[in-house]
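Colleague: Okay, here's the structure, questions in a sec.
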Amino acid sequence: MEYSLFCHHFYALSVSPVKKKLGLLFIMLLLWVYMLYSCVGYCATMPPGLVVDNNNNNRAKETDFLGKYAEAESGRPDLMMSKLLSRPQSSWTDVESDYDEPTVRRAPRDFSKDEVDVDRAEEWDDGRRVSSLSSFSNGSGNKKLPQAIIIGVKKGGTRALLEFLRVHPDIRAVGAEPHFFDRNYDNGLDWYRDLMPKTLEGQITMEKTPSYFVTREAPARIYAMSRHTKLIVVVRDPVTRAISDYTQTLSKKPDIPTFESLTFKNRTTGLIDTSWSAIQIGIYAKHLDNWLQFFPMSQILFVSGERLISDPAGELGRVQDFLGLKRIITDKHFYFNQTKGFPCLKKAEGSSKPHCLGKTKGRTHPNIDPEVVQRLRDFYRPFNMKFYQMTGHNFGWD
């Protein structure tokens with residue numbers, strides 16, 4: 001009898017409506033905490049909703065801000081500042097287009113055929129995702145304007161360099177290319193800052209947009225943001241770079257003319273068409289001269305795209321020294337992928353597995369007439385020599 005009464009009371013207690021409700025609330029609370037833990041950091045680093053600001057006062061604010069900055073800095077001619085802050089001229093439009101990296105957009109209606117994101121080149125083969133713990137920690141800190149920018153060059157190895165640098169705990173970088181100093185400058189510095197990831201004290205904020213190097217207005221605009229900004233340029237044999245550039249375009253537009261026909265204005269005379277962006281980007285000395293009007297050589301680091309493949313740890317060591325960081329990224333972080341033909345990370349940011357850049361990297365180049373290749377080498381040689389003199393470094397392209 002006593003046993004029956006005990007069982008009766010225990011059963012009544014276990015099925016009590018109050019207990020059931022408390023149990024459900026407790027389970028819901030656990031689920032909510034888990035979702036918050038998993039998502040808060042990731043959401044904090046997502047770019048905000050981007051809206052086009054049609055207020056024409058933006059341009060006036062830009063001019064006023066830069067004008068005041070120019071007055072504060074002695075030795076900077078107002079004439080040069082105003083000239084370099086002007087809009088890009090039509091002959092330069094093609095240079096800044098057709099980049100196959102993900103970019104920040106102002107709004108869908110601003111998309112153009114040249115700007116549509118076809119590839120997600122920054123993504124890893126296995127769809128890498130940052131761990132929950134790492135994402136959660138990213139929710140703290142403050143958003144700052146970048147102290148260092150990878151400004152070029154297209155098809156030089158900028159994506160690989162950025163992904164390698166993100167392994168360093170003191171570097172935080174935005175994944176997509178902001179294109180602030182060439183396409184989105186009218187949005188203002190607050191818009192630009194809001195795109196950046198949060199950083200803690202002692203961490204460096206970085207971004208990369210390779211088209212900056214060939215954009216006439218970019219040096220003056222970056223100087224106006226901060227004259228102490230450190231600039232990194234990944235350079236590569238201009239002939240190989242041009243072929244790689246063409247290969248990228250060919251993968252999107254199979255019906256384009258041949259590389260040979262685009263290279264020459266007149267094949268018979270051998271006159272090179274320097275208006276073609278694939279050729280123009282490789283005239284590094286010309287573009288560098290524009291940057292030296294505002295930044296000393298001590299604030300510009302040139303990374304060899306070839307050595308970034310053959311000796312990634314060595315080049316990353318130079319970059320870490322340039323940024324004033326401890327050399328944490330070393331040989332132990334890399335292995336060479338024979339299939340892709342370039343180094344990969346043994347452990348990428350937020351992952352314990354080895355990773356390589358996506359399928360859009362390491363495309364097979366088409367066969368180019370050796371005579372055309374030689375003509376291009378002859379064309380670039382004097383520009384390369386000038387570039388070697390300007391940088392004080394022989395990259396061995398000739």
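For all residues, glycine too, the Cβ spot is worked out from N, Cα and C.
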Colleague: Check TrEMBL and name the cysteine among Cys43, Cys344 that pairs with Cys356 in a disulfide.
Modeller: Cys344
Colleague: Applying a 10 Å Cβ distance cut-off over all chains shown, what neighbour count does Cys356 (disulfide bond) have?
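Modeller: Excluding its own Cβ, the number within 10 Å is 21.
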Colleague: Would you kindly give the Cα-Cα distance separating Cys356 (disulfide bond) and Thr364 (3'-phosphoadenylyl sulfate binding site), rounded to the nearest Å?
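Modeller: Counting only the Cα atoms, the answer is 16 Å.
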Colleague: Given Arg159 (3'-phosphoadenylyl sulfate binding site) and Cys344 (disulfide bond), what distance in Å do their CA atoms have, once rounded to a whole number?
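Modeller: Here the two Cα atoms lie 12 Å apart.
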